Every structure is written in C-alpha cells, then in structure tokens.
C-alpha cells in the first residue's frame, strides 16, 4: 500500500479547490476561467505523475490503495485503488474535463457556479472510477448527477427544464436499483455489512440471488450506458445542453455505465453474467442497428450525434458480453476511443452553432467555403466516427469483432449471424455521418445569404480539436498502449469464468 495518499488528493482536489471560486469577484470571469483551467491541469499532471511513477503496468492487483475508516457505526471505509481497468477511464476523465473547461470559455452567466459544477463533476467521476467500496462507489455515482442536472437546467437551450427533469428521473430511477444491489450485496452472508470489492469478489451467492443482484445493477448501468429502451433521455439531454457539458456527457458519463457493468456485474457476479451474456449480445446488436437507423432520421445535429453515441456504445456491450480477452479489451478500447471522438463531435457542433445559430440540418448548408478549418476538423472526426482505418474507432470495432468470433460461449451460427447484423450497422454509420457532413457543409444555403459573414475556427477551438485528434490517431496507429494498461486485469477478471 502506497503511504502517500495520491488518490485521495486526486479525488478531493477539484471539488475543494472549486469551492474557493465563490470567494472570487462576481464579475471576474477571466480570473475564474483561468483558475479552473489551472486546477484541471494540476489535477491532470498529478494523475499522470502518480500513474507514471507509482503504477506497475504488469501487475493486475489494485495499486495506490488507500483504506481509511470513515464512519465507525456503519463500518464505512474511504477505500480507493486503481488497477488496469480504471486507469484508462481516469486519464480520459482528466483529459476531456480539462478540454471541456477550455471549451466553456464563452460562458459568462453565473460563471462561478458553472465552473464549480464542472470541478464537482470532475471529483465525482474520478471517485467513481477509483472507488474500491460499494457504498463509496454509490455516493460518487450520485455526487456526479447533481452537477449535470444543474448544468443542464441553467445553461441549456429552450427545452432545458424538460430535458433536465427527464435526465434526473431516469438516472435517479436507475440509482434506486443500484442502491438495492449495493445493499443486497453488502448485507448477504454476514452479520456486519461487507462493502469491500475484494471481499465481495470472493463471495459466493445462490444463483437466484446473484441473478437478482445482477439485474438490479444492470438497470442502473443500462440508464447510464445507455442501453435501449432506457436511452431516450440521452438525445434530449444532448440536444439542450451546452456543448462543454455534452463533451463531459459523451466523453465520460456514458463510460461510467460500461465501467460499472465490467467492474461489478462482470467481476463480482460472474455466474449471472455468464447466464445473461447471450441476451446482452442480442441487445448490443439491436442497439447498433436501431440507433444507427434512428440517427439517420434526426433533423437536429446534436441529436444525430447523440444517437451515433448510442450506436457506438453497442460495440462496448458486445465486447463485454463476448467473455473473451480480445472482446473485453476491445470494449475498453471502444470506451476510450468513443470518449475522444464523441466529445470532439459535440464540441465542433457547438462551435458551429455559435457561428451560424442553426441546429437543424435541413436549414444548414454551404458553410465549408467560409469556414474551411471547421469543415476539415468536422470531416476528420466524422471519419474517425465511421471507423476509418488508422483511427482508434477502427481498431476498437475490429478487436470487438474478433472477440465475438473467437468466443467459446456461443455456437458458430449465432456468432456468424451477430457479426453479419453488426456489419450492417457499420454500413449505416457512414451513411448518417456522410449525410450529416453533406447537409452542414455542402450546397449554397448559407453561402448565398445576403450580408452573411462567418468567422472560422479560432486558436482556442483549433487547440481543443487538435488535442483530441492526436490521441485518436495515436491509438489508431499504436493501440497496444491502451491494451497494455488493461490486458493483465482483463485476464484476471476472465479467470473467474474458467476456474471458479
């Protein structure tokens, strides 16, 4: 156990440093922005330093572990730790949150509260990914919801209150099932509650109870991931939220659902996961086709990108349900890859809206000529979204396919059928992506508007876009960097399915 509390500092720094924002002058927007960005950069540097010098890549066990007794009466511990499964999402969270803070530069209304909520959300997300205690995981899961609700309801579009209410109803409803699952797992088989992940991983449950616990956790993660039919909050939320909030939602929030599915359902409840995996694979396949088809019919640009996110998360579900090293590594890579690509697409959609004040695709057109930089960036990330070879999405989807084909859990014909149907979904992806590009950038609608003049991408937008584009290309060319983080932990998780 590392004596220095790296993880505690990393988890609490954003929210505690963010609290001091309220002592800043009310009109000091510039100071508040720079302060928030500096906190995010400091947090990212601390995280990177701790992982580079104190994390062993070839060790599947929990590292940087901290365990402090918090509330004696409940035997509740502040228990944190990092392993190969959580290191990728934690680094992704730091990277995307820093860039989302920079993307929020134009926000001037209630600037202190806005930036505090961004930092509070940062703490909740890091805490969720590094928790080693079920109750602490639940608290961090809930802590992250409140800032999203306020960011959406106060800085959203015309229907922001409707979208915020829908978001909180869905997620709070899912959290009830999460709390039931945590309580059931903690109270079973012991006079005292046992909430430690390590203890729960070695606990055997009756099959019926394990299935009930699995289903409870699954509902909570299905809302976040999201899994159809519990996905309808996502397009509305993305359609109304400020694009910096959308970056956090698409880049990190959806990944929390996938992370929970692996961390708790797959690692702690392996028998139930083995029973549910065929159904999960069917749901993932349907989700890819359904969301891709629905995306094509969306007039709203941000809703089209939101449905594309639902479709891409279907590949993560397929990888998790394959119960193979290859498939699960592919699912983790898809989580990281989509975190970058989804955040970038929402950022570019938001910067385009700032200039032309249009969000409906059939009203756009012809802005490639006055805005060539935005056109180039949007085209590049659309290519990444449709899994162009050489970019991260291609490698992730290809590895997931190999995971399905090599899975010993399924017979040959179902594997061929699932691969064939999923391939149709991959064909639909370029259709809605290229159609979106054509409607926004080609034609003459905006170019022929009298006295129209649009500013192209500035240095801030270019910097944010290039910072996201470099990892997309880097992972596409050398995916082994991401695999090296998770491969040993994935083997340890899957050993439960063969030796337990």
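Including glycine, each Cβ sits where the backbone N, Cα and C put it.
The annotation transmembrane segment is assigned in Swiss-Prot to 4-24, 35-55, 87-107, 113-130, 134-154, 167-187, 208-228, 242-262, 272-292, 305-325, 330-350, 463-483 (among others).
Most Cβ pairs under 8 A with the transmembrane segment (330-350) among the ranges 167-187, 242-262, 272-292, 463-483 are made by 242-262. Counted as Cβ pairs under 8 Å, contacts with the transmembrane segment (272-292) are highest for 305-325 among 4-24, 35-55, 167-187, 242-262, 305-325. Across 4-24, 167-187, 242-262, stretch 4-24 shows the highest tally of CB pairs under 8 A with the transmembrane segment (113-130). Sequence-distant contacts of the transmembrane segment (134-154) (same chain, at least 6 residues past either end, Cβ-Cβ under 8 Å): 74, 76-80, 110, 113-114, 117-118, 120-121, 123-125, 127-128, 160-161, 163-164, 167-168, 171-172, 175, 178-179, 182, 185-186, 195-197, 200, 220, 237, 240-242, 245, 248-249, 253, 256, 260, 264. A Cβ distance under 8 Å defines the sequence-distant neighbours of the transmembrane segment (208-228), meaning residues of its chain 6+ beyond its ends; these are 141, 170-171, 173-175, 177-178, 180-181, 184-185, 188, 234, 253-254, 256-258, 260-261, 264-265, 269, 271-273, 275-276, 283, 286-287, 290-291, 310, 313, 316-317.
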